[in-house]
Amino acid sequence: MLTFDEAAEGLYVAAKYSELTLDAIEMLQRELKVPNPVPREKIHSTICYSRVMVPYSVASGSFEVATSGHLEVWNHGSSPLLVLVLDSDYLRCRHQYARAIGATHDFQDYTPHITLSYNVGVLKYPKEKYPIRVVLDREYKEPLKLDWADDLK
């Protein structure tokens, strides 16, 4: 049973990817000449960003979670993000699992994605589909950090 303090601290869960997937993401960042690319060690997909702690069990195993994605630029605060939106039933399912056990979510919908840059400036990118084999290495969880953006500076 969680204590009140534990429940109040929130939960963050993310997917980390295989070395081959990270190689492919870095190659895509280079081919697209992405400014301010997310470094290899920080590439991930958020599964759960909950303001309450829930008893989430991380999945184990390494398997393909998506075979392609398309680019979108999202406005997030003062810097436009470049994301690779993934068509991933697995990531959607894991997010739904977190919600089913009581996790909160700050947005209307959950969109599985990998952030390629936290600041692409005024650049625009075509919304075409990019074939990319996205293989899960592991999931991890930690207490929620509301000031996570400070780590990007």
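Using the three backbone atoms N, Cα and C, a Cβ is placed for every residue, glycine included.
Around the Cβ of His44 (active site), 16 further Cβ atoms fall within 10 Å across all displayed protein chains. DSSP assigns His44 (active site) to coil in the three-state reduction, placing it in neither a helix nor a strand. The annotation active site is assigned in Swiss-Prot to His44 (among others) on the grounds of similarity to another entry.
The local packing around Thr46 (active site), expressed as other Cβ atoms within 10 Å of its Cβ over all shown chains, amounts to 18. The active site feature in Swiss-Prot is assigned to Thr46 (among others).
Long-range neighbours of His113 (active site) (same chain, six or more residues apart, CB within less than 8 Å of its CB): Ser45, Gly69, Glu72, Val83, Leu84, Val85, Leu86. Look at Swiss-Prot and you will find His113 (among others) tagged as active site, backed by similarity to another entry.
The active site feature in Swiss-Prot is assigned to Thr115 (among others); the stated evidence is similarity to another entry. Cβ neighbours of Thr115 (active site) (same chain, under 8 Å, six or more residues apart in sequence): Val38, Ile43, Leu81, Leu82, Val83. Thr115 (active site) carries a strand DSSP state (E or B).
Secondary structure at Glu142 (3',3'-cGAMP binding site), as computed by DSSP, is strand. Counting only residues at least six positions away in the same chain, the Cβ atoms of Leu11, Tyr12 sit under 8 Å from the Cβ of Glu142 (3',3'-cGAMP binding site). The 3',3'-cGAMP binding site annotation in Swiss-Prot covers Tyr12, Glu142, Trp148.
The annotation 3',3'-cUAMP binding site is assigned in Swiss-Prot to Tyr12, Glu142, Trp148. Look at Tyr12 (3',3'-cGAMP binding site): DSSP puts it in a strand.
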